[in-house]
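This report refers to the structure that appears directly beneath it.
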Amino acid sequence: MHRSQPLPPPELRDCPAPAKLNLFLHVTGRRADGYHTLQTVFQLVDWCDTLHFRRRDDGVVARVTDVPGVPAETDLVVRAARALQAATGATFGADIAIDKVLPMGGGIGGGSSDAATTLLALNHLWGLGLARAELMRIGLALGADVPVFVLGQNAFAQGIGEDLTPVELPESWFVVIHPKQHVPTAEIFSDECLTRDTPLSIIAVFAARTNKFDFGRNDLEPIATAKFGEVARALAWLKQHNQHARMTGSGACVFARFPDAATAQQVLERLPPEWDGRCVRSLARHPLAALA
């Protein structure tokens, strides 16, 4: 077993798994293996699932809370823990509880963020001492969005999402709307109408912009809004309050930036009752960044 540190106390509670927003998302190509190449900027925000971990000595990894619609054996949290065991030979296990608030199929990275928090927390609880880059490598095998949460910073991403360059973004407030539709990512990426040839952008061009929140577009947005009417309606409603509102990821959530918390809250108070909405604040760093 790989161990380079003395063991900490056996329990780590109240571990945040923050959501992300894609400030833009350009599909730049498709590889021979079927994966799409992208360019995007990931913005971390303070809307979080919360995970709790207890170390076990018997090697068993158990999710001890129910997550509707997600069997434990396929949950990215369980898969992340087992991937860490496989990569290191760790003989410890863990009981993992999840307070799940981030919507699934929302395009905000909830499952990927839960997996990253699991890697960060168990690397600490099991006394493994793996470097952040190694945890990112393990995370990439679980999903293309996992590495940015392990990186723990806002980032410009390229490739399939694994080529990450940290970027500094201004403090911001966003209104995020979940129109209560689940959008399957695979269905959006496989649509024959999806354009896959957006020209590559240069990170310096994005970084030099005074307003970083009207850059580019989300290439998946026309597909998702054509297929899912509630996504289209939520986006149209939000555009009445900010013309640069857009979808994050492959949907279903849509978002817009506002100058301050009070303005964002005023918009949220007008939200039609059939949708869920939230006022969120940007994060410069992942709350668990110090664990790696």
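Even glycines carry a Cβ here, placed using N, Cα and C.
A quick note: this is a predicted structure, and the numbers were derived from the prediction, not measured.
When secondary structure is read from DSSP and collapsed to three states, Lys20 (active site) falls in the strand class. In sequence order, Phe42, Gln43, Leu44, Val45, Ile108, Gly109, Ser113, Asp145, Val148, Phe149, Thr248 are the residues near Lys20 (active site), counting only same-chain partners six or more apart with C-beta under 8 A. The annotation active site is assigned in Swiss-Prot to Lys20 (among others).
Under DSSP, Asp145 (active site) is assigned to coil, being neither helix nor strand in the three-state scheme. According to Swiss-Prot, the active site annotation covers Asp145 (among others).
Per Swiss-Prot, ATP binding site is recorded for Pro103, Met104, Gly105, Gly106, Gly107, Ile108, Gly109, Gly110, Gly111, Ser112, Ser113.
Each of the binding-site residues Gly105, Gly107 was scored by how many other Cβ atoms lie within 10 Å of its Cβ, and the smallest score goes to Gly105. Apart from the site residues Pro103, Met104, Gly105, Gly106, Gly107, Ile108, Gly109, Gly110, Gly111, Ser112, Ser113, the chain places the Cβ of Ala19, Leu102, Gly249 no farther than 8 Å from the centroid of the site's Cβ atoms, the recorded ATP location. In this view, Pro103 (ATP binding site) is surrounded by 20 other Cβ atoms within 10 Å of its Cβ, with every protein chain counted.
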